[in-house]
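S.K.: Here it is: the structure, laid out below.
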Amino acid sequence: MASKSQVPYEDRARDHPNPLARRLFQIATEKQSNVAVSADVTTTKELLDLADRLGPYMVVLKTHIDILADFSAETITGLQSLSQKHNFLIFEDRKFVDIGNTVQKQYHGGALHISEWAHIVNATVLPGPGIIDALAQVASAPDFPHASDRGLLILATMTSKGSLATGQYTELSVELARKYKGFVLGFVASRSLEGVETAGKADDEDFVLFTTGVNLASKGDALGQQYQTPESAIGGGADFIISGRGIYAAPDPVDAARRYQKAGWDAYLKRVGR
């Protein structure tokens, strides 16, 4: 798979065929940031407080909305307001993994109404092509008002030790991304997918790569998480770095967000030769 990692964000913002990807790279260029904060807190107050304090330094806020003990409509209106105030996108890390009929209901209905507020969601291709088709159908429905502002990341590899998301699984991830490129922004992966080759490559192909498990200080945790530094992640092909505990659990989360912003941006400038 071809990589556009050497191309500056502003050029990708101008040329990208996907409108949400264009917006993502525009925000990154304006804020000089490639940081996505994974705010794995358990109350609405904590989540909105972090989003407000860290908003100026991040491009994306990644949520696990189902771990909130007090989720309500106020949670969503608060997130939407802060997204507009600080110009960041919301990524609900739902990791859809079920049959198509079920994931459509999880995405577009249920208690969480994810399609109404999350710009980005993610899914695994373990159930086969039907899961991507089902999610894409929701976003392309004639009566869905947010079509140009919604996108999917496919979970192509994982940072947990012993992950089975390798080989044929990763190849299928790339194949389905190419098939549904109008809806699929790119991948969540621990490394560049440049060496993964499948049919269907297009000249304007430019999939966005998010890398999780980015931490300036730690090598991992007791539950199998394996960390990378911002420099190693960006140098390895990541367009955006996702950090959770390294930022929100720091003694001063704002200072931590600034440090990750600088480290990630410096690594990006080095990658594009600036």
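Even glycines carry a Cβ here, placed using N, Cα and C.
According to Swiss-Prot, the protein has these features:
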type     : residues                       : note
BINDING  : D40, 62-64, 93-102, Y227, R245 : substrate binding site
ACT_SITE : K95                            : active site, proton donor
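Let's see these features in context: how buried, what's close, how far.
M.R.: I99 (substrate binding site) carries neither a helix nor a strand DSSP state and counts as coil.
A simple way to gauge crowding: the CB of K95 (substrate binding site) has 14 other CB atoms within 10 angstroms, across all the protein chains here.
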S.K.: Just name the most isolated of the binding-site residues T63, N101, going by other Cβ atoms within 10 Å of its Cβ.
M.R.: N101
S.K.: Here are the binding-site residues: D40, D93. Which has the lowest count of other Cβ atoms within 10 Å?
M.R.: D40
S.K.: Determine the minimum-neighbour residue: among V97, I99, listed as binding-site residues, which Cβ has the fewest other Cβ atoms within 10 angstroms?
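M.R.: Among the binding-site residues V97, I99, the lowest count of other Cβ atoms within 10 Å belongs to I99.
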S.K.: Ten-angstrom check, please: count other Cβ atoms within 10 Å of the Cβ of Y227 (substrate binding site), all chains counted.
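M.R.: A count of 20.
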